[in-house]
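Here's the structure we're looking at; comments come further down.
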Amino acid sequence: MSETQQNTPQTPMAVTLTVVSIVMFTFIGYLNIGIPLAVLPGYVHSDLGFGAVIAGLVISVQYLATLISRPWSSRIIDNLGSKKAVQIGLTGCGLSGVFMLVPVWLDSWPMASLVILLIGRVILGAAESLVGSGSIGWGIGRVGAQNTAKVISWNGIASYGALAIGAPLGVWMVDELGLWTVGVSIMLLCALGLYLTWHKEPAPIVQGERLPFMHVLGRVFPHGMGLALGGIGFGTIATFITLYYASNHWPNAALCLTLFGGSFIAARLLF
């Protein structure tokens, strides 16, 4: 983007459209999380025969990978730019789809299936760190720091909207066609996302001295802890709601995730 373009005032609608056109990559990335979210706990528990703790681990290891990979993803965003970070992240998400597909052929080897799933979840978590953070940086770089709140807000809407849509979609695909559709759909979504990024204008890379990660962490830690504590409820619901519904022989567990995501979006739009 040229200096003239950056200094040209943008209308609120133009800013919103620019932001939405970028956070759609977060939407695609979080569809990759949402589609298997309501399927994997039941698959690990019922089909592979592992306990509820292991089923929960398969879900939570992805978020742990996202947390641990933050310093790495931040360096990529700073050095290569937000657009390149999103592209690398989408590639990683697509690779995780391969690891979701392989266990379909390894049903008779539960432990091997579990290990492969865990590897795929770790890759997905690290990739999502790039997609989510990269989209925020890309959006801020395109519309200016004065619109940071708008970028973060729409990025949240994209992420939880994808979870709300992806969870029931994943259940429907598995019920109608089988588990293999989860891995294939993730790979196709990532291919689409990469195609859409290709000719999209990047955000400028800001030059200058980078603050050490631990220094940044110290500044944001109190606020981040508040967000983390607020996310415990979502983590519990996302991990165990399908197992709880199954234990009571209730249908439509994925709709709980849809209602949660819909409520999050409503709160963002209304307040």
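If you go along the chain as it appears here, the first residue is 1 and each next one adds 1.
Any Cβ shown, glycine's included, is placed from N, Cα and C.
A Cβ distance under 8 Å defines the sequence-distant neighbours of the transmembrane segment (12-33), meaning residues of its chain 6+ beyond its ends; these are 62, 86, 89-90, 93, 96-97, 124, 127-128, 131-132, 134-136, 138-139, 142-143, 147, 150-151, 154-155, 157-163, 165-166, 169, 186, 189-190, 192-193, 196-197, 200. Annotation source TrEMBL lists transmembrane segment at 12-33 (among others).
Counting residues 6+ beyond its ends, the transmembrane segment (48-68) has Cβ neighbours under 8 Å at 33, 37, 40-42, 110, 113-114, 117-118, 121-126, 128-129, 132, 235, 238-240, 243 in the same chain. What TrEMBL lists as transmembrane segment is 48-68 (among others).
Per TrEMBL, transmembrane segment is recorded for 88-106 (among others).
The annotation transmembrane segment is assigned in TrEMBL to 112-140 (among others).
Residues annotated as transmembrane segment in TrEMBL: 152-173 (among others). Taking Cβ pairs closer than 8 Å, the transmembrane segment (152-173) reaches residues 16, 19-20, 23-24, 26-39, 132, 135-136, 139, 181-182, 185, 238, 253-255, 257-262, 264-265, 268-269 in its own chain, all 6 or more past its ends.
The transmembrane segment annotation in TrEMBL covers 179-199 (among others).
Cβ atoms under 8 Å from those of the transmembrane segment (220-246) belong to residues 37-39, 41-42, 45-46, 52, 55-56, 59-60, 63, 163, 252-254, 256-257, 260 of the same chain, restricted to positions at least 6 beyond its ends. What TrEMBL lists as transmembrane segment is 220-246 (among others).
What TrEMBL lists as transmembrane segment is 252-270 (among others).
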By a Cβ-Cβ criterion of under 8 Å, what residues six or more beyond either terminus of the transmembrane segment (179-199) are in contact with it?
24-25, 28-29, 31-32, 35-36, 39, 43, 83, 86-87, 90-91, 93-94, 96-104, 170, 173
